[in-house]
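Report on the following structure.
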Amino acid sequence: MPQSRIPLPHPVRSLHVYRHLLRVATYYPATIRPFLFETIQTRFREEKQRAAEREPQILKSPNPEQAREEEEYRRKKRLLDGKQRIPFLQAAANGDQKRLRKVMWHTFGRLGKHRRELVSLLVAKEPEPPLDPEQLQQRMEQAEKDRKKKEKLLKTHPWKRNWDREDPNPWVYPHPSPIEDNWDIPKLRAYVKAQQSHQRGATGAAFPRSPLKSLDPMKEVPREDIWGRPTAPRRVTKAVRKWWKWTADKIMPPIAEDAWDFLKLLASGDAPKELYRFPPQRRIAVPVGTKPGERQAWDWTIHTRLPARDVERLRGRKLSRLTGQYDEGPYSKSANPLPSVKHRSKTGAKNPTSRKQPFHTREVRREYERMWQATSYMKPTPVVAGFKPSFARPVWGVKEVKVPVATTAHHRLFEGVNAKGKRPTSAATPYAQKPKEPAAGDEKARAKGPKMDGQTLKG
């Protein structure tokens, strides 16, 4: 497993992992840092509270030894998960663009727990209006009918029950309920259509999920079963629920309008420059007396114990960002170290100094632009008297394609060209003029001159 930039002491403690994660979070810009801090602190505090509540339950369990082993396994598993996040965050902060994009997806709610919370707000149904006496009476009668049916099924042995294929839930305790009972399907369907049309023209790398292809939940449901009978309603209910959950996994839920405007500001490049820069990383401690740039002594004994492919694996192309080790040989294929970016010093010196930056400002701005294309906010539609109110319309981030301005050297190529890209016949330029026909005297002079036949000159 790839190690962290600063080796962890053995045995690994939760406090060590906690401090390493917080240290790595300080190497990110101010737009990502608060999310990482909050996530790390919340996860550790929740696990600490859960472990404290579990202790009295272990003592009261019928088999305390087995309960203690299961608890220790769970704690080690959670500690290992936190340890594996350290090299991932370090690689993203050291120039790994794919891992940085994944961190941004989690930060802006395109992946992870934050995205699921936004989706739950999107699919939530509006509170039902007050029922009139007739509707209330019908609901009470249906509840009483369901109660009597349940009592009758409980008194009958399962082998002696008569199953009705027309009933979607022929059980004492119904397992699947129609998706319409829990989610606002019309609202969700309108949002899915808007995302599908927007995703066709957006950048493919901006979305962490593949685009939606079909919007029909009944497309994969067979009309008949293997016996030629109509498909049971319960099977249809399960298939439709599964399709909507699969579709909801690809939804990029809307965010607040102020957060969307801030992301648009970052994508345009008009935000302060500090929001695009990564803070300098703290140098790793070295023994006293070590010269700058001095390499560690080559440990040749490891080649006697392991194959060369395993020894050089940590310096390979895929793991160089995770391990921080680079192959400096002449045939190296590993990623280059951090590039040096020139910037003005704070002391006002004329000569700019160099500082190692994992990403250029333009690269970070383009990542913000991809995040902006995958986000939206809900714009309420105006209410028209006499018409049913429609759903709010999502507004997506659309990248504006601007035609570059021609340079001075190329500007004369476009002289006389109208807005439609055509050149009028009246506007004649040296590039559009036809070659002049030679005069009679020129033809005779050309006939008397030498002729070129291939590479042989004939006089």
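Backbone N, Cα and C define each Cβ position, glycine as well.
Not measured: the values here are computed from a predicted model.
In the predicted model, the domain 'LYR motif-containing protein Cup1-like N-terminal' (17-118) has a mean pLDDT of 94. The annotation domain 'LYR motif-containing protein Cup1-like N-terminal' is assigned in TrEMBL to 17-118.
Under the heading region 'Disordered', TrEMBL lists 48-75 (among others).
Per TrEMBL, compositional bias 'Basic and acidic residues' is recorded for 48-57 (among others). Counting residues 6+ beyond its ends, the compositional bias 'Basic and acidic residues' (48-57) has Cβ neighbours under 8 Å at 67, 71, 75 in the same chain.
Within the chain, the region 'Disordered' (126-150) has long-range Cβ neighbours (under 8 A, six or more residues past its boundaries) at 172, 184. The region 'Disordered' annotation in TrEMBL covers 126-150 (among others).
Summarising the annotation, TrEMBL assigns region 'Disordered' to 325-362 (among others).
Annotation source TrEMBL lists region 'Disordered' at 417-459 (among others).
Annotation comment: TrEMBL describes 434-446 (among others) as compositional bias 'Basic and acidic residues'.
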